[in-house]
Amino acid sequence: AEGLRGRVTMANQLSDRQDVVSHARTLSSMSGVGSELNDESGKPIWKNRVDSWKEKKNEKKASVKKAAAKAQVPPVEEQIMEEKDLTDAYEPLSRIIPISKNKLTPYRAVIIMRLVVLGLFFHYRITNPVDSAFGLWLTSVICEIWFGFSWILDQFPKWCPVNRETYVDRLIARYGDGEDSGLAPVDFFVSTVDPLKEPPLITANTVLSILAVDYPVEKISCYVSDDGAAMLTFESLAETAEFARRWVPFCKKFSIEPRTPEFYFSQKIDYLKDKIHPSFVKERRAMKRDYEEFKVRINALVAKAQKTPEEGWVMQDGTPWPGNNSRDHPGMIQVFLGETGARDYDGNELPRLVYVSREKRPGYQHHKKAGAMNALVRVSAVLTNAPYILNLDCDHYVNNSKAVREAMCFMMDPSVGRDVCYVQFPQRFDGIDRSDRYANRNVVFFDVNMKGLDGIQGPVYVGTGCCFYRQALYGYGPPSLPALPKSSACSFCCCCCPKKKVEKTEKEMHRDSRREDLESAIFNLREIDNYDEYERSMLISQMSFEKSFGQSSVFIESTLMENGGVPESVDPSTLIKEAIHVISCGYEEKTEWGKESLVGSMVQLQRIF
């Protein structure tokens, strides 16, 4: 019936079109005879034309009125989307997903069975001593008990593993996106030492994946620590900054994943999948050609660096390279990209890229990677002072461009963000054979042990791929995140119910004590006669901060800014000079850097980095 109805409708349309065509032909033929002729009904032809013109005009007015009315009253779907966005602003940004009982119950049953068997074994061993070799028997029993006890301790983290799910769309709905976004800035740290052992091309890919992350560009800064003061690293970073002007807009235009060129172009997948832009193939081919040329330039620098000149390396302007002696050189800082630096080829701003090589002198302990990361903490606090820090090794890249947003789903969630010190990302490796004969995937560690620890309290820090809250590294309390807007339902409940006074727990009071201790007096200066009470307290406070953080007023002031940012009282022209000061080799002398436990009860800052 539907098909027949469709045919009838089509026939009617065709017949109408034929009538129109025949009518038009009639009008054209009759108009050629004279305007006084009439149609079949006896009406003049000119009157028919006027009537048809009036009908078209009325139809046009009606359509305009209908469109205006439609614009005034939003469609139901748009109202639903607006209500959904408003609802998402009140929802949590993450949730815990327990492991399925079908997977967890058999594992727990096996653990219980092994525990029972272990108990029976110990009962047999203890009740049946070997009198002829009592010493050996006692030693073996003690060792077996110790191994059994360590096995039991190893099962606790695996007893209740959890998964976590983030809601990036809710994060965007709450804090916005683009230039007016309320997302917190993030400082990336990348550390390298010897470019001949850590290929500059791999470091360049890591930096490119950071610069191309899906995050507001003005809120991203990348600091590369060159602890070997190698001119090769400096020059390769300059080449990377130039190539990033083409690579970053290409990634964001076509939503490329992963955003590291070496691994993106080596993927054996259908790169045309979900790519509907007509110019994608052409621009991808051009970008691949540009990347091959970039690799040639980097490899040429590496080949040049194989043989060091007798007089040392010389820069392009003819001056000697300050880091010719890697163990005795001044501090060096170079800002390649950023707000005042070069823009991409589309004219857009790029994230800040900073080269840092701390000062090294004979007789001063540099503490290897730990000291380099501590120096990055200080220099980044002076230049950008983002409230969050994400550190990566030079051979690790960001394989998910939204990883920073996912970390912010925990850090900036008002419900759980106050209790989060850091977010640890798991590691995944490329180029592993199918059988994984060397266990490079670390499945047991990352997918079992770490998830189990997350179910208890939180995973351990594995040295890379971790997003820290900067104030936690200083030993301060959690940030004051913006409160959620009150809905009508909450307002009604508040009016009807008495407000409960929120009291700090013992854990929160202990966590806030660090800031109070630094703001209070730690030296007894009552014997000083020429100071009044206010000047004495100011001196005590200043000496307290200098003992903890060193003698840099800019850095000390930045440690008190919970939401980050450079202090307004600081002259921007002096920031580079102050940054050179905080990476000097003697800055940590007689301070608590690397000695005081700056992360609460976790570990010392020196051991963290």
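The backbone N, Cα and C atoms fix where each Cβ goes, and this holds for glycine too.
Automatic prediction, not curation, is the source of TrEMBL annotations.
Model, not experiment: these values are computed from the prediction.
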To which of Asp169, Asp227, Asp344, Asp346 does TrEMBL also attribute binding of UDP-alpha-D-glucose at the site defined by Ser191, Lys197, Glu198, Lys368? Asp227
As a whole number of Å, the Cα atom of Asp393 (Mn(2+) binding site) is distant from the Cα atom of Glu198 (UDP-alpha-D-glucose binding site) by 10
Which site among Lys197, Lys368, Lys369 has the most other CB atoms no more than 10 Å from its CB, taking these as binding-site residues? Lys369
Cα-Cα distance, maximum over Ser191, Lys197, Glu198, Asp227, Lys368, record's UDP-alpha-D-glucose binders, Å: 16
For Asp227 (UDP-alpha-D-glucose binding site), the nonlocal same-chain Cβ neighbours (under 8 Å, six or more residues apart) come out as Ser191, Thr192, Val193, Ser357, Arg358, His366, Lys368, Lys369, Ala372
Looking only at Glu198, Asp393, which of these binding-site residues has the biggest number of Cβ atoms within 10 Å around its Cβ? Asp393
Please list, in sequence order, every residue of the chain apart from Ser191, Lys197, Glu198, Asp227, Lys368 whose Cβ lies within 8 Å of the Cβ centroid of the UDP-alpha-D-glucose site. Thr192, Val193, Asp194, Gly228, Lys369, Ala372, Cys394
Quick one: what's DSSP say for Lys197 (UDP-alpha-D-glucose binding site), helix, strand or coil? coil
